[in-house]
Amino acid sequence: MQGLSPVRQDRRVSMGVNGDLYFSNVLINDSAADYCCNARLPFKNAIQQKMPVVVKVLTSEHDSRVLAEAAPTWLSPTGSSSSLLVLQGEELLLECIAAGVPTPHITWTKDGEGLVVTSRMKVKNFNKMIQIPKAAFNDAGEYVCTATNKIGYIQHTITVSVKAAPFWLEKPTNLVLAPEENGRLVCRSDGAPRPTVSWFINGEPIESATPQPNRQVSGDTLSFRGVTIANTAVYQCNASNQYGYLLANAFVNILHATPRILGPRSELIKVTEGSRAFLDCRYFGSPVPDLRWSKYGQGTLEGNRFRTHSNGTLEIKHVRMEDQGTYLCVVTNVAGRDESQVRIEVKEPTLIVTRPQSMKVNRGSDVRFECGVKADATTPVTTTWIKDKKQLTLGWRISLDESNLVITNVNRGDEGNYTCVIKSELDQKSASARLMVMDRPDPPTNLELSDPYERTVRLSWVPGDSNHSPITEYLVQYDDDDWLPGKWKNLSTYPGNLNSVILHLTPFTYYEFRVIAISEIGPSRPSRPSMRFQSSGAPPDVIPKNIKGVGTWRNNMEISWEPLTYREWNGPHLKYLVWWRRRDSREEWKNATTKWLKYYIYDADTFTPYELKVQAVNDFGLGPESPVVIGYSGEDRPITAPLNLRVSNIESTQVTVHWDLVSRSSIMGELKEYKVYYWRDSSQLRWLRVNRAMKSKAFADTGPEPTGVLNELIPYSNYKMYIVVANNRYEGPPSNNIHFSTPEGVPSAPKSFRIQQRHLDSIYVDWDVPAEPNGIITGYSLKGEELRVEEFLPNVTSFSVRRYDRYTRYRFSVAARTQVGIGEWHTEESPHYTTEIYAQDQVDISTQGWFIGIMCAVAVIVLILLIVCFIKRSRGGKYPVREKKDISLEPVDDKDQEGSFDYRGLQRGQPSMEAMMKQSDSDDSLVDYGDGGDISFNEDGSFIGQYTGTRRDVRELDFGGSLEVHTPVNTLYSVA
């Protein structure tokens, strides 16, 4: 048996019912020397093998591959018709095998109509066999099988007859009769043909038995009237036809017995309302006793809901509460009577009032199956939950709340059918519900790649379980990174009803794919990656971008472009094919291949236009050509300077420049701009030094009459300038220099604006000339904020104002002016001071105990010192005397008392001071605490040595003009 393989059967080669192997036509590969037939004997568990059969297929000398076509002929059965007899219940096999070239196709009809294949019927062996495991009478008829090929067809008719051995319709049963009763034995059977019935008594034919006048045979029925003891015997019934027979025995017993109840007596039965109740009362007696059921011994129970069966059982349908009570069963015959009692207790039925509901939930949710129960108060019930026909085991996650089932943190394993079973001693009720756990889909499996083409491949997969949430789409991801594998990227999404898609790929790339199923619950885990796949190569299909042609020297041109990314190569050994030719010429295109990103053309004329194009090429071919781009060879230095440089519309800070255009040919390249170089040569104020740094400004080609505006010039200055023309690489020779002067403008702000308080009763301000006078200074303007302006001569750079209130603050602004107008303002704010030591709203420390104590201590110490000094002096002691240096004060100008202005010259001498207002009794002069002289202030308004205090009153100072007044909130002063 080793080395043998079963013969592969198909429409051409098949095995018949008799075990023969049929070839509808033979082919050269059917030749073999070892065709073996093996027969297996199941009851002996043995295999019988026939000797090998040699099959040799003869071929034509001309062409062994050409078969001669032939019309169908029958191999089995032969001829045009046959008949078949089968018994009912046996297997019916119909077979038709035909030869022919090409192989014939078999079809079936029955009784002239197309064969309807039912569940009782199987069509096997490539339509060559019909199998009916258990034949029935309606299977009889004419079956026609037709073999057809393109040459012709043949038919064979099989006439099927279905016969049957005898079978029982009603068998005879034993009889127990009392004397003088009537009875009968029935022996009813059928078959095809119809069976013959014969009766026997104690094994002898009834015809040869002793005749009895009260016994009569009528076909399949044996009747008895007024039986006696002589009729007691064993009677046999025999039904037979040519296909078999049936034999049955029946015992007829003539007996005289008193009625007797066989079952238990005084039985208690508990039933539920609405159910059926069966009250048993099995009895025996001969002759057959009469049976009567009653409740409490009254009346007879029969009809409506009550039914008495032949065995004595009383059936009560739809038991009601009023059916509860005692029932009496009485049997009587001529020989006597017997009785028995049955008591019924009716209970309320067990009901499930709240049935569990089927649910579809997400994984991780909590589930509660309700199972509300109503039962009889006297009947205990138990609740059991069953999952998928197995009792549910309770635990920390699955628990009962009374009769309700609670499942927390549902998982996929909890899915199934749940049945609530309520059981009492009388009845049992159940209710079921299905739990469906929705979860993310399972990942797809068995990823396969097929049908590879240049840029596509087919990806197929087996969908995972949707977990009760329909899959809406599939996401296909790919990994094409050879250096950093595992970086998955999204390729595309596809509808959820697909499991095979065509993927569009980049040529010459290694790919791995994986699939993610997506539902409303969420995405599945990614599938396992597919096998690694490399798409085939192709010519590049991307055009190099940003092609440029630029000269790096006057006689060359650099052609450059952006490289293709590795993913755009589409194949190995990427290079670039560069094409060029002079524009507006009829010369042929020149080309060169390079693997670099630049290509140089030499020996080109200066600034000559060229037509350029670049295409990528790899081992698979040429990519598309780029659009033609115009590039220019290198530029040279311009050879001509612009002529007729001139200015107009001269203003203090700007001027309009004009020049004549140069010829395009003299630019030696592409015109980029005209550039004006200019510098401030000097100021029209001879004493002012200037910065001669050169500046430039470029102007684009503005048309046939080019102009430009130079701004940000300095007024009242002398300027020089020239102009050049520039291309992208060089500037040309300069034009001739021209001179122009700007008129006066407004000056800048004065420098070093200072506000000083040299005395307590006056404010002194001074300033320096502006850094940029921008003309001849004609004077200065000084003003307080939002007040009228005071005018000064140009040689006056200081100002003094009488101060009526030393606690008031002032803000001053000063600006220079020329004939054009007033310049920029410089603003400063005066400092503020006070000599008050204590604020009015502070606590008077002179009344404080600690202060009084300190003063007393000081007084005692001073007294002691005086006593000591007096004692020493009285003893004639001498003491050194330190001379003091008198410091004289400058005389005060009396005219300041009138509040007039103190005008100073440019010599900037120190002004005299004079009391500007009478001191009040509460005022303390700071001069009294010092050695005399001026008091100088810092810019923040402080002076050396400070006291703190607060002043709340504000006074205005009138000095021939109003000034803005600032009131200090917490003014500070100090004393040394």
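Cβ coordinates come from backbone N, Cα and C, glycine included.
Per TrEMBL, the features are:
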- 72-161: domain 'Ig-like' (DOMAIN)
- 166-253: domain 'Ig-like' (DOMAIN)
- 264-345: domain 'Ig-like' (DOMAIN)
- 349-432: domain 'Ig-like' (DOMAIN)
- 443-541: domain 'Fibronectin type-III' (DOMAIN)
- 543-636: domain 'Fibronectin type-III' (DOMAIN)
- 641-745: domain 'Fibronectin type-III' (DOMAIN)
- 749-837: domain 'Fibronectin type-III' (DOMAIN)
- 850-871: transmembrane segment (TRANSMEM)
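Mapped onto DSSP classes, the domain 'Fibronectin type-III' (543-636) shows 3 helix, 45 strand, 46 coil.
Note on the domain 'Ig-like' (166-253): DSSP counts are 3 helix, 52 strand, 33 coil. Across the domain 'Ig-like' (349-432), DSSP helix (H, G, I), strand (E, B) and coil residues number 3 helix, 43 strand, 38 coil.
Here the domain 'Ig-like' (72-161) returns a mean pLDDT of 92 for the predicted model.
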